[in-house]
Amino acid sequence: MTQPEPLVITLLGPTASGKTALSLEIAERLNLPVINVDSRQLYREMTVGTAKPTAEQRARVPHHLLDLRNPDQPITLQEFQAEAEPCIQRELQSRGMALLVGGSGLYLKALTSGLKPPAVPPQAQLREQLSQLGQAICHPLLQQADPTAGAKIAPADAVRTQRALEVLYATGRPMSSQATATPPPWRVLELGLDPANLRQRIQQRTDQLYSDGLVEETRQLSERYGADLPLLQTIGYGEALQLLEGTMNQAKANRITTQRTRQFAKRQRTWFRRQHQPHWLAPATELDQAMTLIEQHLR
């Protein structure tokens, strides 16, 4: 009798949907570590602004693929896959299962469908030029040159915008036309969270970020890596930086962070519904539902 392929469980959902709390419960039930698939949590020193699992949570359940690089060392999708795939394989070999958790849709899609992005090494000089141009110019440029990539990449996502332009410059072809896919040797069970009160949860998340020290973390990052660090233009950090520079007050920073987060969550929802087929878990009973689905897939 043929042995079934090992099982990869993915827990996905928009930001502030409760993935961290549920992932800890599932991980403890199954005695599994959590494999991070949140693109900003890959970077060191970005803890508060990315709502990275706390030291207490990481002591409770081991986490992989956190704090891989310094913030001034961008990680390409291909580099992330090179780190993530062996990590998944190790868990599958030792435990027969792996648990992926995150809201970065493209990163999840790459791991679950075997998407292979073009193998283009980083172009340091080009990245410097693009940083000098600024995201306000670079993203419209990408939309013109590669409309497919431009539609998928958020206007404030300088890291992925630069990467798409980098591939276009190096190969002469849009990044969106070069990706191929080879299905990985494992089964995938996708579990999704999308609570009805997400707007309220996002406001609470924003309040928590600022009370937990987002502004101080931003100040330290700016002093160490420079205010032009692309990751300091992402949600939360961009507003905290303007607050530090005196161009925005606290009330406006809070409001804009909440607004940008809600816009981002809307894009995440669209991506997950178009690119994935998760079992959407109902609030209040999500843990029981998740465990039932997992047990069914293990039979």
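Just so it is clear, glycine is given a Cβ too, placed from its N, Cα and C backbone atoms.
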**Message:** Quick test of your reading of Swiss-Prot: among 38-41, 102-105, 294-297, where does it put region 'Interaction with substrate tRNA'?
**Reply:** 38-41
**Asked** For the recorded positions Thr15, Ser17, Thr20, Ser104, which one has its C-beta crowded by the most other C-beta atoms within 10 angstroms?
**Response** Ser17
**Message:** I need the CA-to-CA distance for Ser17 (ATP binding site) versus Ser104 (site 'Interaction with substrate tRNA'), whole Å please.
**Reply:** 13
**Request:** Would you kindly give the Cα-Cα distance separating Ser104 (site 'Interaction with substrate tRNA') and Gly18 (ATP binding site), rounded to the nearest Å?
**Result:** 15
**Item:** Nonlocal residues around Lys19 (ATP binding site), in sequence order (Cβ under 8 Å, 6 or more apart)
**Value:** Leu11, Leu12, Gly13, Val101, Gly102, Gly103, Leu193
**Prompt:** Between Ser104 (site 'Interaction with substrate tRNA') and Ala16 (ATP binding site), what is the CA-CA distance rounded to a whole number of Å?
**Reply:** 13
